[in-house]
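First the structure, in the form of structure tokens, and then the observations on it.
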Number of protein chains: 2
Amino acid sequence: MLENGEHFFEGVEKLLEIWFEESPNNENDLRNISRSDWEKVLGNVNCEIISTSKNDNLLAFVLSESSMFVSKRRWILKTCGTTTPLKCLSLLLQLAAENGFDVVADLFYSRKNFTRPEVQITPHQGFTEEVTYLDSIFPNGRSYCLGSMNLECWYLYTFSRSDVKASPQLISVDEKDVDSEPDQTIEILMQDLDAETMSIFYKNKFASANEATKESGIDTILPTMHIDDFLFDPCGYSMNGINDKGEYMTIHITPENQFSYVSFETNVALSNYRKLINQVINTFKPGKFIVTIFANKCSLAYETMKELEVEYSKGSHWKRTDMQCCNFPSYNLLFAQYSHDEKNGDSL
Amino acid sequence: MLENGEHFFEGVEKLLEIWFEESPNNENDLRNISRSDWEKVLGNVNCEIISTSKNDNLLAFVLSESSMFVSKRRWILKTCGTTTPLKCLSLLLQLAAENGFDVVADLFYSRKNFTRPEVQITPHQGFTEEVTYLDSIFPNGRSYCLGSMNLECWYLYTFSRSDVKASPQLISVDEKDVDSEPDQTIEILMQDLDAETMSIFYKNKFASANEATKESGIDTILPTMHIDDFLFDPCGYSMNGINDKGEYMTIHITPENQFSYVSFETNVALSNYRKLINQVINTFKPGKFIVTIFANKCSLAYETMKELEVEYSKGSHWKRTDMQCCNFPSYNLLFAQYSHDEKNGDSL
């Protein structure tokens, strides 16, 4: 609720992902951090744990505002609303160090432009403020704005240890062994969604999250995922999916018509993401969406990003309004923005 | 001179390029605008005409602060210091309309981040202010920031009529005929330059610009160019080159060691720009530089940009610190930033 009594919820999430340097001691594991310590971390963020799920590779938390994923040396926190994820960084880094991880290999902080930036709490009242906060912890970080700064855009702050230590010869595209572990993340951030589809995510329509998951077809997007889903009262939906390969997916839905927002994120390794993107947009029927794909040099996605980059959406009613790619020392990034001209439900 | 008496000059230029829509009347020509009208235009910018040169295709002006190029339907203004190029836009558009060009096909406004932004005059006191000014004239323009916002970056505002009118099917990469005229522009913006090389561009060293042009090797960069050069008192250098194909090059040098800056720009059509880039950086020996390449879909450069994008600088001491590319409706843009780790004079 805004100060003037108007109902509003900022669905746009702040996404933090940190990879710690591989440790010589194989016992070291971020999953050794206790539940009460995670609760302290999330206290700084202003959100709470609603549900957890896990397998041999991954610990997944559904939060009161979005999700957290913890694996051996990678930590992901995605929170919406007016949460303050940057405020938990110093405690998180301290807990990681206590568990044997005292070197950050890669950090990514990203978000779409907020719908209502004026509602945010410091240090999230603007990207400049966020960058200043991050720069105080990661003095060699770099900040970027993809898309049109004066229209819609997506902000990224990234810190890479290889950017600091590597000699120029080491950061050649040919050296596939800069990162030995393939990694890729795709996010699809959707707005102006189909009202009928969004009505599924109201508690007065379905009593359980599981029914909403099935009715919407979310369970068919990546069928290997074990789903932990939650339907908020009176509306809103979150889900984490994890599979036996250690891959995850996560979906968060703000269904209110005036400010509808759905985010989809996964790190599944695919050689082509077009089919997945089409399935996601056909499931939620947005009026416009952003796609971001991160892939490191040894990821399958690395090559296929080129394809998506070149190919315009022929014969569909999606118009690509922006397309940018960035080469970072250990990752490539593709950013694309699409809007719908005429009718919903088309494929790319 | 700054308010505190410190000597400073902002070499970083503001670059405006406007293409007007092809007119059915073949008589229409921006070169019909009179010298006194150009003086009024430049009065709004706070600079003056120093010298002119021309051929059948192109009219070139050396200005007290950089350069202006006028051809049948294209206008380029590049000005450094504390000039205010955006302030001449309304008069320029009025004069163009009076000469038969009342539709802007493409507009590009770009600049590197200023060394001393606080010295600039409104509406150039920040990119946000510049965008607001441009948005008041071109309501469908888009603004971008390439490179690291918190370190060094390059700003671009672009307006394309095809972005406004085109249906999605029309803006396919396959359609080479969106622009029938091949066009490409490469800019190399250099800083931290070799002091000995910069000493050439002091009036106490060479009495004439022509001697400085020869001593530095500027005349060998693109030998087909007819050069109009100027050496400022006590230091500083500008040159325009034009050739019989209607191509241009322009170089501007701020040689003072504390804030040295050299810009190189040309629209010569080459299938590979690597040799040219190497010749330019070997001529001026910068400590760091930015390369930007714009190419429309029917330009030779369009394909070869891909090569430069992928290939890191192997076996050289140049480190590519940033690399981004953008797909716009009618142009592709490549942005790359390099810095020198050890010694000067290497090739990419």
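Every residue, even glycine, has its Cβ placed from backbone N, Cα and C.
Note: TrEMBL annotation is automatic and uncurated.
TrEMBL names B:PHE9, B:GLU65, B:PHE232 as substrate ligands; from the candidate set B:GLU27, B:GLU211, B:GLU256, the record adds B:GLU256 to that same site. Neighbours of the substrate site: apart from B:PHE9, B:GLU65, B:PHE232, B:GLU256, residues of the same chain with C-beta atoms within 8 angstroms of the site's C-beta centroid are B:GLY11, B:CYS80, B:GLY81, B:CYS235, B:GLY236, B:THR254. The Cβ neighbour count for B:PHE9 (substrate binding site), using a 10 Å radius and every protein chain shown, is 23. Of all residue pairs in B:PHE9, B:GLU65, B:PHE232, B:GLU256, the annotated binders of substrate, the farthest apart have Cα atoms separated by 16 Å. It is 9 Å from the Cα atom of B:PHE9 (substrate binding site) to that of B:CYS80 (active site, proton donor). Among the recorded positions B:CYS80, B:PHE232, B:SER238, the ones whose Cα sits within 10 Å of the Cα of B:SER66 (active site, schiff-base intermediate with substrate) are B:CYS80, B:SER238, in sequence order. Around the Cβ of B:PHE232 (substrate binding site), 18 further Cβ atoms fall within 10 Å across all displayed protein chains.
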